[in-house]
Each structure stands twice: as C-alpha cells, then as structure tokens.
C-alpha cells in the first residue's frame, strides 16, 4: 500500500510541475526533480557554460554551499524539501496528505534580496546554505563552505564520531614525497606552480622539497631553485626534508624555515633507505636537532615502517614507540607515523598508536598512510577516533617510497578532505581548488588523477554540463 501512495504522489507532482509554470523552470525536465538528490537540485544551469572548471567544482561538489540563482528560477517560487524518516506526509493539499509518502513539500515566494536558508542532509551531516538572490544574480560574492553546522557531527552515529577532533590539520607532502620517485624529471616551474596552487587551496603545511643528495633522489636536485621561488609565499609553512647536517645547512642557506628528519622503526629498512642503523640515524639526527635549535628552526620527525617493513614484515609497536620517543626527546615538535608500504589495517594501526601514545602525547603525532591495499582512509578514521588530529596526504595520490617495492600511492589529499567534510570536520581547505591542483599535476605527468573523489566529482560536472 505504501508503494501505491508513492506512485500516486509521483503522479500528482508530475501534474503540478507540468501545469504550473511557477513551480519549475522550463529549461529543466520534470523528471529531473525525481532523479536527483537534495544536493543536485536545479541551480541555474544556463550559467554553467561560462563558468570555469574550478567554479563548477566548487558549485557542484558535495561540500560546496551553492546559492540559487534568481534568474535561473525566473524570480518565481522556490521549492523546499525536507527528507523525513516517517511514512506520513505533510502537505497543503489535504487529499495529498492522506497518502503515505516519505517526504514533505512546501513552497513559498521569496522577495528579491531575501535571505534563503535550506538544510541539506548529505553523508550523515547537515550544512546550512545561505545566500541572497541579489548576490547570486551577479555571481560576484558567492561564498562556499565545507563546514558543518554548529551541531558538528551530531547527525553521525556516536560510534563513528566519538573522539574525532573538530579540526584536522592536513600536511601536504605531494611536492616532495609525491614527486621524489618520478622517473621523468619534473620542471622546476611546474613544481613551483603546484606548490602555489596547494597553498592557494588553504592547506596550512606544504612540504616543498628535500635537500638530499641528487645521487639518491635526482628528481629533487633543484631543491634550492624551488625554495628560492616559493620562499615569499604567504599562508602556509613550507618544510623541507633534511637527512643530515649537510642537508640542514643547505636548507637553511636556501631560506628554509622548517625542516624534517626521517628515521625508521625497521633496522633493515633504515639500512636500505638511509644507509645506517636505527641508532646511527638517531645519533645523526640529534646533531641536526641541535643545529636547528641554535637557528630557531622547528624540526618535524618522520618514522617509517610503523606497522610493516618490505624486508622484515610486521614491525612490533614497541619498536615504533621507542623511535618516536627518541625523536620527541631530541626536540621534534611533531612526529609523523608512516605506513611506508601501505600494509596496515585498523587492526594493526590501533595497537601501534596505543603503544606510541603511551610515551608521546597524541597532539604531537601525525599519521601518514599509503593506500597500496586500499586501507588508508579506514586507518585515518580510526586514528582520528583515537585522538590524532594531524594527517599527511599527497595531492592526486602521488608518490610512495622509492626504496619500498610496491609502496606507490600515498592517500590522496582530495579523498581525505572529502571524507573529513562528510564527518563535519573542519580543515579550512577549498576542495575545488584542491581538485584543480591535482588535475594540473596529473595532466603534466600524463596520468589519471589518483583521487577517487576528484575523478567522481569531475565526472559529475561533465555529466551535468552534457544535459545543457
């Protein structure tokens, strides 16, 4: 019987939309109202051809707030729909209200310049969309937000949202970790533009390059030139990797204001990656940390192979905790825990984090997951639930360790931001600009964008444009 009500409701709505020009725009098929979600409502498609790619992504991406255009709606009636979980229907038409239907409809006329507020429920969160018809008419003052409402994650199951921080800092490692093992040398100008685009997207930290021997990583031989070009950028910190004192001195001479050091929880991997044992590497890094302190340069620590090693296999959490504590004691303000070969799952990540958090505060820790086995987002989620609020990621999913076979594929920054948006977590990152940056570098490298979110959103925009 309920299905009969749905069919009757559909029929009534079709007639209303067909016979009443004030209820829909003539350029939009009636069927469109019954196939789209609450985030795919008709939004003045006549403006779409003149919009840039980035504007389209911002206007139609899942986290974007998109005010209606009064020209597209003909200065007429605005339809609002509230999804409910009940089987009753509330409507002005009494006969229509008798039928069982899982959503209700109401209409009202908006005066030009009147503020419109709509609640859109999507992916377990509610966003308040506000805008004025006068402002949206000119497209000059549109503002897009990926933030949830003041209730935060109140619409998400407590089992998921429990312990998740309200704000997560994203550390972008694409220009360094993402490009370091590319076989074809990327021009310095492309690297510089990529960094500029990433900073423009709102990312607070963008790891720019590495002052390592060109013999080991020829892709980053232009480290000084890159730093010379980006040192004047405002809005983000631009740390560089320095494997030893010589690299640190070169970085400081090039104007670096923050550096990073790289240790391993695996003895075998330490020997193959930085050509020394764990203890030898820690001794080397104490020298770097001391020099950095003298120059008032902050030092970030990395620990690789925190759950598994390509040579030794599983790594004990106690070994990870030991290395992390050593880096913390020598002065690292933040330590990033890297699953270098992407073998970790929540089942192995949680014990590792428990061991590390027993010796170092959670707010001093970051996570750095590779998506080799498709586990990165799941691992990030459990890390957030345990109190971690700093996540490393790479634009378009670029990169991996050149010394770890099969480790290609850092988790894509776009995918991380998309997931965090869905959780109601703030990042201050513009997803549209982020996707544009990923498309830029992917096009230059001649490969598809490795971000699933970016590919899906780009595909949806293309599909919407084809309907015009």
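Here the Cβ of each residue, glycine as well, is placed from N, Cα and C on the backbone.
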Co-listed divalent metal cation-binding residue [Swiss-Prot; alongside 177, 368, 370] among 379, 410, 421: 410
Pairwise Cα distance for residue 176 (substrate binding site)/residue 370 (divalent metal cation binding site) [Å, integer]: 15
For residue 177 (divalent metal cation binding site): DSSP state (helix, strand, coil): helix
Residue 410 (divalent metal cation binding site) CB neighbourhood, other CB atoms within 10 A: 29
